[in-house]
Amino acid sequence: MSVIEAKKSEEYREEIEAILAKYEGDGFALIEILHEAQELIGYLPKDVQKIVADNLNMAPTTVSSVISFYNYFSDTPKGEYQVALCKGTACYVKGAKEIIEKIEDRYGIASGETTEDGKLSLEVVRCLGACGLSPVMTVNGKAHGLLNPEKAVTIIDKYLNREMEEV
Ligand code: FES
């Protein structure tokens, strides 16, 4: 467990215990509990998983397999800027793959990862519902379309340099 994870869990311990208390050890409430814990912390660190597993009398591996089964859950911290790049059909045929490769190359992260400084995370997702603008990505929920590899990293750089508001 990383120092950051331990700190996060300590920071949120009381609130996690309050969430658990609401469900009174009901194992069927695992998804709801994980949902609330992730809403609180932003992701589900290993030792939070252990607190939940202990409370529900479950093996930690049961909890971690539920987390890996559902795309919604994450056991790694998200970056300050969260890029979701679409690899749905419309975006794929217009070059999403090259954009993903460019982002991976430039920032040294693959889908599901966060840069070491905690600034940027990347997720490759299915159709974002803006196929007319393909290829598309969102950064912290804001859509950017008609991308090519250069345009995508220029936009991301502007976020990282806090210049995006002026764009
Ligand atoms: S396929 Fe990318 S937005 Fe629909």
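Using the three backbone atoms N, Cα and C, a Cβ is placed for every residue, glycine included.
All TrEMBL annotations are machine predictions without curation.
In the three-state DSSP assignment, the secondary structure recorded for CYS86 ([2Fe-2S] cluster binding site) is strand. The Cβ neighbour count for CYS86 ([2Fe-2S] cluster binding site), using a 10 Å radius and every protein chain shown, is 28. Feature annotation from TrEMBL assigns [2Fe-2S] cluster binding site to CYS86, CYS91, CYS127, CYS131.
Taken residue by residue with DSSP, CYS127 ([2Fe-2S] cluster binding site) is part of neither helix nor strand, so it is coil. In three-state terms derived from DSSP, CYS91 ([2Fe-2S] cluster binding site) belongs to a helical segment. Those residues of the chain, other than CYS86, CYS91, CYS127, CYS131, with a C-beta within 8 angstroms of the mean position of the [2Fe-2S] cluster site C-beta atoms are LYS87, GLY88, THR89, ALA90, TYR92, ALA96, ARG126, LEU128, GLY129, ALA130, SER134, PRO135, VAL136. Most Cβ neighbours within 10 Å among the binding-site residues CYS91, CYS127, CYS131: this distinction goes to CYS91.
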